Amino acid sequence: MILNILLTLTLLMGRVKSDPDPLQDFCVSPPPSSHQQIFLNGKLCKDPTQASVSDFSTSALSRPGNTKTKPFMINVTVTTTANLPGLNTMGLTMARLDFGGSGVVPPHVHPRASEVTVCLDGVLLVGFVDTSGRVFTQELHPGETFVFPKGLIHFLYNIDTVSSALAVSGLSSQNPGTQIVSLSSFISKPPFLVEVLKSAYDINGQDVARIRKSLEG
């Protein structure tokens, strides 16, 4: 009897599909007594018969971005359902990355997506670190490609101090999310407790204040 029950449960579990990945950071359930509202994991869909070819194309990535913004000297332009409506529910995002001299996409994570990047112009140093602390880095020349696993800290850096660089990335989520490690740590709202940052980065209170001021500027 027990063996039959276990076998039945095993077969049932094999037929159960996992929950879909979330497209937002969180979805808090309202209390039973509150007024119910619907928040979709994605965007609403329009009548398919009203779709047109313009829904599936965009020129958003054709225009160079401003790389003069400090401190990182980069500009990232992404496709969204606002500029590419046909992207909805397709599970992907495209991004154009413009780098000024020494521009860097600082260490960051995409909690909901893996990423593949193609260097189009210039030379980029790219890399990621796995959960054991092992670092994988590579110089990317025009036409070369690198993949960043989902949820791992990674970076992209223009090794030329003067000339610009250009890359295009594809991400495996409609809303991959981006958390830059330094910004999330030092200029969160409300801010992290100074004692936490001092211990985590082995720095003093003056260092915390200086880094915060620099990143906010």
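Indices start at 1 and increase along the chain as displayed.
The backbone N, Cα and C atoms fix where each Cβ goes, and this holds for glycine too.
In TrEMBL, annotation is done automatically, which means it is predicted and not curated.
Over all protein chains present, the Cβ of H154 (Mn(2+) binding site) has 24 other Cβ atoms lying within 10 Å. Sequence annotations record features per position, and here TrEMBL assigns Mn(2+) binding site to H108, H110, E115, H154.
Under the heading oxalate binding site, TrEMBL lists H110, E115. There are 22 other Cβ atoms within 10 Å of the Cβ belonging to E115 (Mn(2+) binding site).
The number of other CB atoms found within 10 A of the CB of C45 (disulfide bond), across every protein chain shown, is 11. Marked as disulfide bond by TrEMBL: C27-C45.
Feature annotation from TrEMBL assigns domain 'Cupin type-1' to 59-209.
Residues or ranges marked as signal peptide in TrEMBL: 1-18.
Each of the binding-site residues H108, H110 was ranked by the number of other C-beta atoms within 10 Å, and first place falls to H110.
Taking the C-alpha positions, the distance from H110 (Mn(2+) binding site) to C45 (disulfide bond) comes to 25 Å. The two recorded residues, E115 (Mn(2+) binding site) and C45 (disulfide bond), show a Cα separation of 26 Å. What surrounds the Mn(2+) site, by Cβ distance within 8 Å of the Cβ centroid and not counting H108, H110, E115, H154, is the set V109, A113, F128, F148, L152, I153, L171, P176, T178 from the same chain.
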